[in-house]
Amino acid sequence: MADRTVFDPPPRQSTSSPSNNNPASIAHRSSFAENLRQSPRAHRHPSFTQAAVQELLNHPPAQKGGDPKFAGRDWRQIHVGELVQESDIHWCELDTDVEHATKALIESGPPNVILIRETPNDLTACDSFDYNDLNAYLLVVLGLASPDEAQTDTYSQLASKAREHAPIPLRDVITLAKKEPLTTLSQSEDLSKAVEIFGSGVHRILVCKPGTTTVVGILSQLKLVKFLWDNGSSFPAIDQLYPTILRDLNIGTQHAIAINGDKLLTDALQLMSNEGLTSIAVVDNAANVVGNISTADTKLLTHTSSLPLLQSSCIHFISVILSERGIGDGKDSFPVFHVNPYSTLAHTVAKLVATRSHRMWVVESASPSPSAPATPSLAHASVVQQPSGSGSVPPSPSFPAVSAAALPGARISGRLTGVITLSDILNLFARTSGLNPLNPNESRARRRRSSSASLRPSMDSSRGDYLDTIRGERGSSVDNRK
């Protein structure tokens, strides 16, 4: 059992958010392997030390104060239009090819979605394209998705076109991932309505001009949680919840789905699609959390030279994610995606905001892991070889035999016992404020039911061969399926 330590509420981040203004033309995105040639890693400290990771675990980043224009206002009466900006909107059309849309998605950044319209003159969204769609498309191209009998020819044609590098319009891709309909709100609606919707399990709201379907902004769960966190001192009803520990709030779920770090990355991609998840925990043989893989990480798989990664282990892919983040940030990075039952809500929200995550894994004290080697330096992690000549995929890529226990997370996290999501937190805020959100678990169940039909049927029968399903009911043992 974790120590009964109540963390003081960590300080808050600034409310200012960077603008995502991007040039109209989408530049060529070099592959991860190409970027490695300019990596300054050899001139940096080789890795984030365990002490530094523990410091991040205990003390998320510092605050710069809330926005004074919201001081003294009832958050429930703030209009949703006050939290969004048109610069967050990025459009593609139904006939835009998926390659262009993928580049736009990667380069646009948060809120990590491209809105789709019928013609370039429309300001009404008919659908969306995000990393869940990209993951579903990737599975089709790899032959790991299995459609209904009536769709077999369509899926086969898509895979064939992809192999031939033929243009594939978004209209042929956006139906691959099962998802809920677009949710819209007028910009004049109060935040109470948005909190109620988000607390019911909806992840994204399109904000429209009053009385129209003209989109003027995108409000995400993360943006709203960050707003309420940064301005918490102005909203006492919510601020008073932050010092409470998770165990006493009784939020989240004691059922979390994870994958062993030694399993193939393709298994993780299938698992996320099959379960309707945007991310999964990666664990070692003792169910200790060692990392996190999300559908957003599929952006590292969009170049031909990255294809060997698909046959690598999840733990190797995590090392690639950390290396890529280090190249972008100029330092090694090991984001902490876990909390414990005695973490405060403030501590949990601060981590969600700092890591831009949708969920935190709930862990208890670490379990001994068989054959756990010393934590390796990330500088020594194997990387994808840069292809020579025409840029073809190396015929025999080699990947290190790195155990799931080798990353820093295996030593400082703990045994996975549950998960807490942005939906859970916003559901708490809604209920505390007298609103009536739906149970977010019902929304999760719907996504999983609708997603399960899109994967190869044989996956269900072999699921136990690679899936670790962690059921953290108090007093029960961990169900480690091997």
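Yeah, the Cβs are placed from backbone N, Cα and C, and that goes for glycine too.
Here Swiss-Prot flags 1-46 (among others) as region 'Disordered'.
If you look up Swiss-Prot, you'll see 13-25 (among others) marked as compositional bias 'Low complexity'.
According to Swiss-Prot, the feature domain 'CBS 1' maps to 83-239.
The domain 'CBS 2' annotation in Swiss-Prot covers 177-234, and the record cites sequence analysis as its basis.
Annotated domain 'CBS 3' per Swiss-Prot: 252-309, in sequence order. Mean pLDDT, taken over the domain 'CBS 3' (252-309), works out to 93 on the 0 to 100 scale.
What Swiss-Prot records for 363-438 is domain 'CBS 4', and it gives sequence analysis as the kind of evidence.
What Swiss-Prot lists as region 'Disordered' is 366-398 (among others).
Counting same-chain residues at least six beyond the ends of the compositional bias 'Polar residues' (433-442), those with a Cβ under 8 angstroms from any Cβ of the stretch are 76, 192, 195-197, 199-201, 237-238, 253, 421, 423-424, 426-427. The compositional bias 'Polar residues' annotation in Swiss-Prot covers 433-442.
The annotation region 'Disordered' is assigned in Swiss-Prot to 433-482 (among others).
The compositional bias 'Low complexity' annotation in Swiss-Prot covers 451-461 (among others).
According to Swiss-Prot, the compositional bias 'Basic and acidic residues' annotation covers 462-482.
According to DSSP, the secondary structure content of the domain 'CBS 3' (252-309) in residues is 24 helix, 20 strand, 14 coil. Across the compositional bias 'Polar residues' (433-442), DSSP helix (H, G, I), strand (E, B) and coil residues number 3 helix, 0 strand, 7 coil. Remark: secondary structure over the domain 'CBS 2' (177-234) totals 21 helix, 15 strand, 22 coil, with classes taken from DSSP.
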